[in-house]
Amino acid sequence: MPDLCPLSKLTTAYPRLLLIFLARRFSSSSSSTPPLSVPSHQHISYLILDQKSASQAIQTFKWAAQLPNFTHSHSTYRALIHKLCTFRRFDTVKQLLDEMPHSIGSVPDEDIFVTIVRGLGRARMIRDVMQIPDLVSKFGNNSSLKVFNSILDVLVKEDIDLAREFYRKKMMGSGVQGDDYTFGILMKGLCLTNRIADGFKLLQVMKSRGIKPNAVIYNTLLHALCKNGKVGRARSLMNEIEEPNDVTFNVLISGYCKEDNVVQALTLLEKSFSFGFVPDVVTVTKVVEILCNAGRMMESVEILERVESKGGVVDVVAYNTLIRGFCRLGKVKVGHRFLKEMERKGCLPNVDTYNILISGFCESGMLDMALDMFNDMKTDGISWNFNTYDTLIKGMFSWGSIKDGFKILELMEESKGASGGRISPYNSVLYGLYKNNMWDEALEFLIKMENLFPGAVDRSLRLLGFCEKGEIANAKMVFDQITSEGGIPNVLLYDCLIHGFCQEGFLREAFELMNEMIGHGYFPVASTFNALISGFSGQGKEGSALKLVDDMIGRGCMPDIGSYGPLIDALCRKGSFQKAFNLFLQMVEKGATPDYLTWNSLLLCLSQQSIWLENWNIIHVGDKVEWIIKT
């Protein structure tokens, strides 16, 4: 046996009380030194497990063997074997097994073999795992059910068919039928590979052998059914379970939530409560989420209150889900009250809580409240992250608060790594400038972005250049390159390409591009709509043009003379004076001032409408025109 490791080299691993014992034991050879108790096997096991390498673990094991009155046991051998398996020293493990009958007078026990099985499993040495029963028999014993189950547990993670073959040939061949844990392992393997039909067959095999399937086995099968969208079948299977547990309800409730089946999810939630179970916070959060998505906010609040009253946990994620639901409905102030409520209950908000509320305030146009939340984060010790900056910058520029938006952008840029090289806040700046018709400023800002995003800016400038030259096909190629690489084009590119398509008469492409633009959160301004309205009007598609005008108004974008003029002219050219005149009146009511061309189109059309003039009192027409002029 090698020399003992110096005591000073072991001090980092040894508990203080044991060090004192060892120091006193070896610092004096006097017979007057009072005898101290021998260190326990548990202490030595801890020391071995605490070593940082296999060699140190072996050295510690040998060192302990020379302590007076100390003899190793199964537990200390198991600790060393575990450590050796961690470092894949399996040859040394076999040597230890061979020496055990001589050193401690006993063969390795089942826990040691289980430790070896798990070590081999972590090393993916599957062949060696399957040979463990032969290794056990070498010491004159048969493998216990515990050893077989540990082998089976490793095999199902590798190959379920291999595991089933091992069960039939090795386990059953050895006269070991298995228990509910054995079948639970096999069920797990079948369900992990979506072999649900085989899972049901296994269930019948258990019943035929008089083994009562426990809740764990049923829950494994229920989870597989729900994962594969067979929640109704899972619900039927639940009726077979004599003693469902909380996991049973969690699995099924989550399954119904995944299907957005609010009724069944709530029904099972009530049944869970009636059984005395409180679903876990993940399941509760899913229920709250589908209720919020359905706009049933008060029921969401009620469920959280009931869970809390029954001793269940409601965490910050659950509250964030609730707050987000209120914000989506435009009830951001109610969501803010729940921030205060969760703080009162000792559930501290996180950065997501604040970001949700900042987003809600921005979407509702309450920019002052959004800025207050932003400042509160700093006061409450919650660090701003990229989403915080991104959300606030987007909100500020979308609502035309350009000055404040640039201040937040400056804060983001001063914060090291806050943007993480992501372009979306800068695209929000371009969008804000676009919405405020600040084209020169937008182009100037785009050029300034080149230092941060040279590739994106270069492609943007190329596309804009192609559009200016009328080379729309080349511009579209650059646009497609950007999107194919996963990029989101900025609003300037959408606008220029839409105008280019309209000028070339490709109105369908322009319309699809505008829908795509809206899908990315860029709502067109009047000039973008006008390009399409003018195009449809020029092609005689006045109905499509009228729908666009109505869409503009419905979205809060006021049409101008550029919206009405081409459409009125197109209607007049078709002789539809009544429609043209009604649209003319609508234009005036919306505050748009008619230009010379619009007046000219109307008067020319009117002069050709003798029948209309006869039916309408000419004096009434004159009054209308006079009212328009005064307006």
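Cβ coordinates come from backbone N, Cα and C, glycine included.
Keep in mind the model is a prediction, meaning the values are calculated, not measured.
As written in TrEMBL, here are the features:
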REPEAT    179-213  repeat 'PPR'
REPEAT    214-244  repeat 'PPR'
REPEAT    245-279  repeat 'PPR'
REPEAT    315-349  repeat 'PPR'
REPEAT    350-384  repeat 'PPR'
REPEAT    490-524  repeat 'PPR'
REPEAT    525-559  repeat 'PPR'
REPEAT    560-594  repeat 'PPR'
Practice problem: Using a Cβ-Cβ cut-off of under 8 Å, list the residues of the same chain that are 6+ residues beyond the ends of the repeat 'PPR' (525-559) and lie near it. | Solution: 434-435, 437, 494-495, 498-499, 502-503, 505, 507, 510-511, 514, 566-567, 569-571, 574, 576, 579, 583, 587, 590-592
Quiz item: Taking a Cβ cut-off under 8 Å, which residues six or more beyond the ends of the repeat 'PPR' (315-349) line up next to it in the same chain?
Solution: 281, 284-285, 288-289, 291-293, 295, 297, 300-301, 304, 308, 356-357, 359-361, 363-364, 366, 369, 380, 382
Exercise. On the DSSP side of things, how many residues of the repeat 'PPR' (525-559) fall into helix, strand and coil, could you say?
Key: 26 helix, 0 strand, 9 coil
